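These notes concern the structure reproduced below.
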Amino acid sequence: ALIQSAMDGYNVTLMAYGQTGSGKTYTMLGTDAKPGIAPRAFERIFDLMEEGNCKFDCVVSVYMLELYNDKLVDLLKNNAYTESMDKLEIKKDKKGVVFVSGAITRTVSSASDLLKVFHEGLANRHTASTKMNVCSSRSHLV
């Protein structure tokens, strides 16, 4: 229902919340054998488009950001931490649509393309070791 609502033009949010090691990443990503919420949502987006269940002309574009130490970082830039700090701004366009000025946007034409871009962004996330997890993200993914 969330994906259909997004395709109908509504803003939707899915949030994974919990302490380190509670399964947020697994729930969102899953594995190749058991895909999580994100890969299944990507498939559903393109299934709905193929079925003609879009109220509008649909184009899928993506940007991927993380909020780290109160700063937005563009995860689709090659040197995310050296080039994008302090250059991104959250704004609204004339129609009231929120966007991030300065963020790289990629247009994708399939769920597999979207998943590839998603994994590219994930590889640029800031991680560190904690007592509960050897590779824990230290940020919020948007």
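Every residue gets a Cβ built from N, Cα and C, even glycine.
As recorded in TrEMBL:
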type	residues	note
DOMAIN	1-142	domain 'Kinesin motor'
BINDING	Gly18, Gln19, Thr20, Gly21, Ser22, Gly23, Lys24, Thr25	ATP binding site
Worksheet, complete the sentence: Secondary structure split (DSSP) over the domain 'Kinesin motor' (1-142) reads 44 helix, 30 strand, 68 coil
Worksheet item: Gly21 (ATP binding site) has how many other Cβ neighbours within 10 Å of its own Cβ?
Response: 13
Worksheet item: Which value does the mean pLDDT take for the domain 'Kinesin motor' (1-142) in this predicted structure?
Response: 85
Fill in: Those binding-site residues listed as Ser22, Thr25, and which of them has the most Cβ atoms within 10 Å of its own Cβ
Thr25
Discussion item. Counting across all protein chains present, how many other Cβ atoms fall within 10 Å of the Cβ of Gln19 (ATP binding site)?
Written reply: 9
